[in-house]
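Structure record follows, encoded as structure tokens.
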Amino acid sequence: MKLSIATILSLAAGASAFTAPSLPSASRSTTQMGETKADLEELAKKLNPVVGFYDPLNLAEAEFWGTSNEATIGFLRHAEIKHGRVAMFAFVGYIVHANGIKFPWAMQMDGTPFPSETNPPALWDAVSESAKWQIFGLIGFLEFWSELSTPNHKHYMAGGKPGDFPDFVSGPDGIPHPVPFNLYDPFKLSKNMSEETKERRLRAELNNGRLAQLGLFGFLCEATIPGSVPALSGIVQPYSGEVMAPFTTNVIGQPFGL
């Protein structure tokens, strides 16, 4: 279910932002060039010349977990891009399910249909435990795969490109069985795209991701506190559950006796 996956992804990505990634083994003496604060300032002007570079917490000069400043910037850039992608997916998923759009086939092998609920957070509550565990499994695999560091794919904290997801192709750096499509650009539509176009689309992705994060939280705020977002009043259905802790009932609670 699109919203179900989007909701869990958004919260999982949020949690992973505060967890130290599996850092590639390398000494500080190894040359690992990454983005610097100057690069961020230049990028900010291209993204939004009105706002420009905005870093009130001075994170662009931080060194997380004893790493270099460049590695920290790589981590922060990757986290923002990932959050933005998940938020765009979740924003669209919220709208899709709020309008009652769902797959026409059964949700489970026993013929159980998709819930008819049109309140997206309540829709997640109606999803079966087995379906939620499948979603968790998919997220876990994607998180594991995104942290891979190989000779052909540098880690984003070791000079690699933030937001770049490793391919699923077979071969020395791929999984041990053929996979016909990659997660990004499965049909290779960007193969002949110019570097200028790629750069422009990456900037658009960043801006859209930032906007989607604000939009998604606007939905959740209005659902949790009706009237808190006047523009959405009467449009977003109210929700009385724990929107920031949707996994404590039948996923975390029951298996561990909580």
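Backbone N, Cα and C define each Cβ position, glycine as well.
Keep in mind that TrEMBL annotations are predicted by a computer and have not been checked by a curator.
Computed from a predicted structure; not experimentally measured.
TrEMBL annotations:
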- E80, H83, E205, N208, R210: chlorophyll a binding site (BINDING)
- R85: chlorophyll b binding site (BINDING)
- 1-17: signal peptide (SIGNAL)
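Summarising the chlorophyll a site geometry, the residues cited as binding it (E80, H83, E205, N208, R210) extend over a maximum Cα to Cα distance of 12 Å. Those same-chain residues not listed among E80, H83, E205, N208, R210 yet with C-beta within 8 angstroms of the centroid of the chlorophyll a site C-beta atoms are I81, G84, R85, A87, M88, L206, N207, G209, L211, A212, Q213. The residue listed as 'chlorophyll b binding site' sits 8 Å from E205 (chlorophyll a binding site), counting Cα to Cα. Cβ neighbour count for N208 (chlorophyll a binding site): 16 (other Cβ atoms within 10 Å of its Cβ, all protein chains included). Summary: among the binding-site residues (H83, R85, R210), the fewest other C-beta atoms within 10 A of the C-beta are counted at R210.
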